[in-house]
Amino acid sequence: MTYTTFSKNKNNQLYEPMFFGQSVNISRYDQQKYEIFEKLIEKQLSFFWRPEEVDLSRDYIDFQNLPQHEKHIFVSNLKYQTLLDSIQGRSPNIALLPIVSLPELETWIETWSFSETIHSRSYTHIIRNIINTPSLIFDDIIDNKNIANRAKDIAKYYDDLIELTSYWHLFGEGKHTINGKKIKIDLHELKKKLYLCLISVNALEAIRFYVSFACSFAFAEREKMEGNAKIIRLIARDEALHLTSTQHILNILHNDKNNEGMSDISKECYEECYHLFIRVSDQEKIWAKYLFQNGSMLGLNQEILSQYIEYITNIRMKAIGLPSPFKILSNPIPWINSWLISDNVQVAPQEISVSSYLIGQINSEINDSDFEKFKL
């Protein structure tokens with residue numbers, strides 16, 4: 001099936017599946033097959049924020065006074081989050097847009113990816129405000145084995161889908177020899193690649209960020225690195241929306257009544273999906289061990305974080321129809337909910353700047369040239 005950015009075939013988009021139907025031609029929103037994506041778009045747009053709105057001048061002082069093992073925890077999490085959102089800032093567009101068939105879903109994917117680029121910019125904003133040589137941090141991301149090992153697992157499902165989709169668009173279904181390699185291209189296998197990719201993305205949004213989130217909020221609970229925590233809180237709000245979107249996509253695919261042609265695929269991939277979540281959970285526990293290898297921080301340690309990972313893994317798997325693999329039933333760090341559920345938080349403005357408002361709109365930098373027009 002040859003891909004075109006604008007199909008001249010007139011069609012009724014209400015009868016198209018989410019994926020692998022006719023590519024979107026007219027981006028129209030007066031009629032929608034799945035209104036949830038329009039609601040997600042509107043919500044994400046209402047969330048719009050910029051990292052520069054948050055003043056990090058106090059965080060610089062806080063960071064200098066952290067013990068070395070806490071600096072390791074803080075910086076390592078920023079490195080990992082930078083990697084995750086570097087992938088998420090581009091991959092949904094590259095992997096999903098060429099096969100999407102609904103305008104509301106197409107626009108949601110673009111809106112989602114754009115918000116991820118704001119997250120990437122945020123980590124740069126944080127790093128260059130607390131560290132004199134930011135390149136030392138960014139240059140280590142690729143070289144750090146603890147980060148790189150997880151990157152392979154994250155990118156694999158995207159890459160597999162992108163590769164097979166490219167072949168499908170160029171050569172169509174059938175058996176082909178490409179660069180001396182025999183490849184079978186069929187829609188069933190392509191749908192399977194898509195489904196596993198969506199499960200992988202869901203696991204990423206559902207679990208992979210939350211060790212870093214917990215650490216950032218634990219610092220702020222001690223009134224340390226509070227500017228960073230305000231930014232991470234905004235990121236966490238976005239990620240919760242992205243998680244909701246992937247859960248909706250998957251549950252729509254699961255429902256036979258929607259005629260998406262994917263319910264058999266979900267059953268076929270059931271075991272692999274279950275073990276994918278377990279693997280992600282195990283990787284995050286290993287990451288927690290790496291973070292706390294030189295010491296714990298007040299209110300948080302490797303054991304507590306591992307329990308929290310199991311707790312949220314149970315919830316996330318249940319949300320998409322998978323059984324809960326762990327026995328833990330209660331949240332071992334309930335205080336984190338006040339950071340993740342923004343409506344729970346009321347902050348006195350005189351005590352600390354409020355992250356629910358646009359802040360830092362005034363440029364606080366003053367140079368000698370700013371006083372040239374002043375007369376005494």
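Positions of Cβ are set from backbone N, Cα and C atoms, glycine also.
The Cβ of H119 (Fe cation 1 binding site) lies under 8 Å from the Cβ of Q81, D85, Q88, G89, I235, D238, each of which sits 6+ residues away along the same chain. Residues annotated as Fe cation 1 binding site in Swiss-Prot: D85, E116, H119.
Counting every protein chain shown, the number of other Cβ atoms lying within 10 Å of the Cβ of E116 (Fe cation 1 binding site) is 23. Under the DSSP three-state reduction, E116 (Fe cation 1 binding site) is assigned to helix. Per Swiss-Prot, Fe cation 2 binding site is recorded for E116, E205, E239, H242.
Cβ environment of Y123 (active site): L78, Q81, T82, D85 lie under 8 Å away, each six or more residues apart in the same chain. Annotated active site per Swiss-Prot: Y123, in sequence order.
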Excluding D85, E116, H119, which residues of the same chain place their Cβ within 8 Å of the centroid of the Cβ atoms of the recorded Fe cation 1 site? Q81, L84, S86, Q88, G89, S115, T117, I118, S120, S122, I235, D238
Please report the distance from the Cα of E116 (Fe cation 1 binding site) to the Cα of E239 (Fe cation 2 binding site), rounded to the nearest angstrom. 9
Using a 10 Å cut-off, grab the number of neighbouring Cβ atoms around the Cβ of E205 (Fe cation 2 binding site), all chains included. 24
Taking 10 A as the limit, how many CB atoms besides its own sit near the CB of D85 (Fe cation 1 binding site)? 23
